[in-house]
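Colleague: Provided herewith is a single structure, encoded as structure tokens, for subsequent inquiry.
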Amino acid sequence: MLAIRPKQPLLGFARMIILTRLNSRLVHYSMEYKNAPKIRLPGKDYSANSDVARSNWLITKLSRDGKICEARKVFDEMPERDVITWTTVITGYMKCGMIEEGRRLFDRVDAKKDVITWTAMISGYKRLKRIKEAERLFLEMPEKNVISWNTMIEGYSQNGQVDSALDLFERMPEKNVASWNTIVTALAKSKRIEEARRLFDLMPERDVISWTTMAAGLSRNGRIDEARVLFDRTPERNVVSWNAMITGYAQNMRLNEAFELFERMPGRNMTSWNTMITGFIQNGELKRAWNLFKEMPKRNSISWTAMITGFIQDGKNEEALKIFSEMVAVEGTKPNEATFVSVLSACTNLAGLGEGQQIHQMISKTVYQDSEILVSALINMYSKCGELSSARKMFDDSLASHRDLVSWNGMIAAYAHHGCGLEAIKLFNELRTIGFKPDDVTYVGLLSACSHAGLVEEGLYYFNELVRDGSIGVREDHYTCYVDLCGRAGKLKQAFDFIERLETKPSATVWGALLAGCNVHGDMNIGKLAAQKLLEDEPENAGTYLLLSNVYASSGKWKEAAKVRLKMKEKGLKKQPGCSWIEVGNTVHVFVVGDKSHCQSKLIYSLLCDLHETMKKIEHVANNMI
């Protein structure tokens with residue numbers, strides 16, 4: 001059973017990953033209705049030779065079962081083959097992702113091919129996002145049918161080449177409703193909603209997918225009222241149409257209308273419930289989401305993950321772990337990748353090493369054990385729980401099979417968290433040596449590591465390198481790191497001038513970093529300016545008042561410091577007291593600043609006094625030796 005720890009309002013690693021993945025699972029309607037052109041294995045064999053027909057049937061069955069090697073063996077042993085035989089094996093290879101083997105068979109001199117065979121190859125390249133090869137093959141096709149054209153249009157659309165897709169659509173000699181649906185979807189997803197609507201209005205015939213696609217596109221682009229008009233005009237609605245409209249209202253923060261539609265639905269499926277719950281969570285209505293969750297007639301892993309994520313997002317990590325325990329132990333629902341990422345985030349926020357290790361053991365028994373995202377989440381969890389060596393072991397073990405940038409970034413961030421600047425720089429250089437290109441996240445971790453380790457010159461060097469690179473977008477986190485580096489080095493004027501030159505409005509974190517530097521070095525003038533800027537954005541932030549008060553105090557301006565404290569008192573502002581905890585013998589001991597309620601507080605404070613005296617003596621000895 002997972003132990004439950006006290007509150008910690010911070011949301012840990014991969015929150016955006018969790019929310020993005022969860023949201024995409026719920027609103028990607030093509031998972032429910034198949035708008036895309038499909039290449040199917042032959043359903044009925046018209047081979048003249050009955051022996052060939054029987055072999056073709058066996059190859060089809062083996063291919064559908066994923067036994068492509070056995071299917072190929074049957075193919076190789078056939079004395080006679082027809083175009084159905086060749087198409088079936090090639091399509092089987094495509095479905096298994098073995099495109100090179102399929103292409104070798106396709107290119108054989110004795111290969112028998114028709115338009116279905118060619119389209120199967122194009123579909124395989126499209127699925128692997130090898131769009132240039134798909135395009136070359138499409139242009140070489142001796143004859144094309146409407147499915148071939150649709151497949152290529154969808155390939156362009158999925159790779160962001162909407163103009164190429166539109167050009168191909170306009171050149172099509174014959175179009176069907178799937179052709180129109182594909183291009184309308186592509187335009188709507190790329191925010192070209194006016195063009196999408198123009199084509200929708202020109203459609204000679206529409207099906208339920210057409211109406212749903214257009215309504216979803218309008219709502220995604222903020223035109224929810226137009227989407228509702230279209231929804232009301234839809235001649236035939238299915239559950240996907242209703243779900244699309246509910247999602248649209250939720251995305252546009254109109255939850256009451258979303259819920260009103262949800263209650264009116266003639267028939268709900270699991271996605272309907274999950275969509276509504278996710279809508280509540282994304283709009284901060286956790287209580288309504290929880291009440292609806294309890295009403296669900298049946299739940300799946302997405303439902304549970306949505307609620308776990310919602311509680312973490314609300315800072316209720318202990319409750320999130322309780323829900324996870326109920327999901328696994330009581331309901332017997334198998335967690336998916338997003339569930340594990342989410343619950344590891346809760347463990348990270350609570351510094352719950354024991355619980356994190358239990359989750360790690362569960363992951364190691366699933367198909368997700370080599371997931372790059374989970375490896376990074378585990379690296380982050382071990383790092384935040386103080387187990388840097390375990391984090392490095394996770395990193396080293398993962399590199400044997402998965403050398404992805406997310407893992408490198410996670411390990412550099414772990415070193416940053418522990419103030420190991422030199423190790424972070426070494427890892428950064430290794431990353432580049434083996435051919436990886438750092439991204440914006442890599443530089444945030446590296447600059448943060450330099451800042452925490454006091455490696456000011458190194459940090460400034462890497463920041464300038466980032467700016468010179470030009471291919472990576474410099475964002476607020478990088479600016480904050482730069483200001484923090486200058487602040488630690490006492491270069492407060494340089495940091496202030498840098499902020500003043502920024503083309504975008506500096507965030508509160510940037511000004512906060514400068515104010516913290518002023519506090520360390522006692523720069524009252526710049527500190528006062530930084531505090532004013534901070535209070536413009538966050539007038540009720542008690543931490544800003546305390547930092548400003550400390551800046552005045554460190555400069556000997558005691559009256560000004562007292563005035564700031566008085567103003568803070570008048571506003572009724574209080575700084576949240578620091579809280580820490582430690583687990584000893586399966587018992588969690590919680591400590592708050594100034595709190596003496598612990599049953600062994602006298603002994604603890606006695607030991608702290610002894611430790612403080614020892615530290616002062618060591619410092620005195622060290623000073624005399626200098």
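Note that Cβ sites are derived from N, Cα and C of the backbone, with glycine treated the same way.
Predicted, not measured: the structure shown is a model, and the values here were computed from it.
Grabbed the feature section from TrEMBL, which reads as follows:
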- 82-112: repeat 'PPR' (REPEAT)
- 114-144: repeat 'PPR' (REPEAT)
- 145-179: repeat 'PPR' (REPEAT)
- 207-237: repeat 'PPR' (REPEAT)
- 238-272: repeat 'PPR' (REPEAT)
- 300-335: repeat 'PPR' (REPEAT)
- 404-438: repeat 'PPR' (REPEAT)
- 439-473: repeat 'PPR' (REPEAT)
- 541-575: repeat 'PPR' (REPEAT)
Colleague: For the repeat 'PPR' (439-473), what are the same-chain contacts with Cβ under 8 Å, counting residues 6+ beyond its ends?
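Modeller: Result: 405, 408-409, 412-413, 415-417, 419-425, 428, 431, 481-482, 484-486, 488-489.
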Colleague: Counting by DSSP secondary structure, give me helix, strand and coil numbers for the repeat 'PPR' (145-179).
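Modeller: Each residue of the repeat 'PPR' (145-179) counted once, the result is 26 helix, 0 strand, 9 coil.
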Colleague: For the repeat 'PPR' (114-144), what does DSSP give as the number of helix, strand and coil residues?
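Modeller: Counts, helix then strand then coil: 23 helix, 0 strand, 8 coil.
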Colleague: Mean pLDDT, the repeat 'PPR' (82-112)?
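Modeller: The answer is 87, the mean pLDDT of the model over that range.
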